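Here is what Swiss-Prot says about this protein:
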type     : residues : note
REGION   : 192-228  : region 'Disordered'
COMPBIAS : 194-204  : compositional bias 'Polar residues'
COMPBIAS : 205-220  : compositional bias 'Low complexity'
REGION   : 221-341  : region 'RbcS-like repeat 1, SSUL1'
REGION   : 312-345  : region 'Disordered'
COMPBIAS : 319-342  : compositional bias 'Polar residues'
REGION   : 350-431  : region 'RbcS-like repeat 2, SSUL2'
REGION   : 456-541  : region 'RbcS-like repeat 3, SSUL3'
REGION   : 545-575  : region 'Disordered'
COMPBIAS : 549-567  : compositional bias 'Low complexity'
REGION   : 578-661  : region 'RbcS-like repeat 4, SSUL4'
Amino acid sequence: MVVRSTAAPPTPWSKDLAEPKIHESAYVHSFSNLIGDVTVCEHVLISPGTSIRADEGAPFHIGAATNIQDGVVIHGLEQGRVVGADGHDYSVWIGDRSCITHMALVHGPAYIGNDCFVGFRSTVFNARIGDGCVIMMHALVQDVDIPPGKYVPSGAVITNQQQVERLSNVTEADRAFAKQVVEINEALREVSPGATNNGSRIAANQQPTPSSSTNTSGTSEHQSVGNMSLNGDLYNQVRGLAAQGCTFTAEYANKRRFKTKSWLSAGFVEGHSADQIIGNLNRVLADHAGEYVQLIAVAPNSKSRAAEIVVQRPGDSAPVQTSTTASYSNNGNRSNGTSAGSQAAAVGGDLTSQIHALASQGCSFTAEHANTRRFKTQSWLSAGFVEGHSAEQIITNVNGLLGQYPNEYVQVIAVDPHSKFRVAELIVQRPGETGTLSTKATASARRSGNKVVNTASGGDVAGQIAALASQGCSFTAEHASTRRFKTQSWLGAGFVEGHSANQILANIQAIAAQFPNEYVQLIAVDPNSKTRAAEIIIQRPGNNAPVQTATATSSFSGGTKAAPSSNGFGGHSSGSLSGDVVSKVRSLLMQGYKIGTEHADKRRFRVKSWSSCGTIDSTQEAEVLRHLEGCLQEHSGEYVRMIGVDEAAKRRVLEEIIQRP
């Protein structure tokens, strides 16, 4: 038998209680409980699961545009009052535009001023909080009077006035955090199916006041979140999250799905810098015009959502603003690969460099296609495997698929060879786009003008250097003639000063001008280990020198095509070594690591059964390279991988395939 109970059980004080006075524009969820003499002013938001009981201590006042979030409890003692801003006595006074967040407890007598923020699970009892104060999470504020504009940190216990005197002032970052929490919660104003503008859940022993009608006020959305795509803070948020290594995805929903939080995936938002991410996000906004779109930031370690930002709502048309700083390129203009107004994503050099990087990690590739209707529901159809042992072959085969599915969406899927999970989803064609992926995204750019060579995407270079600079890396430069470059005998060119990517790029360009017709590379040095974090060649005397970089994604040329004998993975069937392998050998030797090799035929490679070729005892770079080339020739037609070993820790620090059949 079902046991039924009232929404708010009667108490000894609940007889002959006054009725709540709720403004017609207030937004009170039907799953919240209001009892007694409670004044709810205009544009107040009261979320589900709140309990506001003015039965023992009364009255309560909740000021205009105040936000009461899920699970908040507001109660008062029978004795004890505070003087409100209007000069009358109240058990609990909450001022205008304040925010009481999830699971917080406000127990009267208590006074909370205007523009205040009370964090998750914090408690305010017998206290007076001045205007503009910010109380963070799990804090206790009791028996004190806090002056305006003070900051109470998370977990603080403030129970005497001496502790109050030591509190710091609120900063802009604190206000920005409070604003973000309020904006996200206020989305309930237009999405919750159980809410009405003034339909509060009154206790069973009370009748609603005549003013509590069920008609919808035209001002119900007055405090809803605006078009965040027009907010310049979004760019700073994305830049900060990207600097933390977060990856980004997007989701969209129509009005019906938005009400039930049934978001549909819009895929990954690719990019190495905030400009690239915002540019790709603008494409998503254009694809889902008239719908809700939110950007998801995923933490790299916990794989959990670090942020959810609604960037578009129905009726919004302006694109997300990007940084006004132009990306670095050798002709002073913004690279077509990152321009928001570029043609197909397929012609973007950024996609080409990403495929190069993924191929160098040994990923396998598949393709999917969808028409406009299927794209909206993410119902992709398989287009089969994309064959190829090198990035150039893969790109060529992808271009063939683009011709098979004109006026459709086409995306390339990169699959990790070990975990068999998708590591990237790249949309390379959209309806109305006719471009193709280029294997030489900036070859023409490098032939003209000055000698400074940038990547397939100038913004990518700035993004890489910005990321390295944000990690605290310092930068130096080296140069070498053609003869010295062959033996990797670089000469120092001094430190590269600068506090931003643009300053560093400008200074390295000035250094490159001092050494015309020579190789110049930029070195990023890790501040903790004092080892090289990246090596980026930015100038070459001609177009025949091999691309060399310490990481798979930091090649400055980005479009150099492998020689016909190259297998596309850093090794050559002829027994010669690529510049990338030479660079990594040099880096391993500089850090004191030993280098060894292993080989496997096709059958053994499938089951990961490698045979050791032994460790190279020498620490001389030339001798190690000679041993590696000999190993490649000895095991021609087989897989060969290079091993970096830390003998002190007895562990491998590098495993890289340098030859494939």
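Heads up, the Cβ atoms here are built off N, Cα and C, so glycines get one too.
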Where does the mean pLDDT land for the region 'RbcS-like repeat 2, SSUL2' (350-431)?
81
For a three-state summary based on DSSP, what are the helix, strand and coil counts in the region 'RbcS-like repeat 4, SSUL4' (578-661)?
31 helix, 30 strand, 23 coil
Mind checking how the region 'RbcS-like repeat 3, SSUL3' (456-541) divides into helix, strand and coil residues in DSSP?
32 helix, 27 strand, 27 coil
Could you tell me how many residues in the region 'RbcS-like repeat 2, SSUL2' (350-431) are helical, how many are strand and how many are coil under DSSP?
30 helix, 28 strand, 24 coil
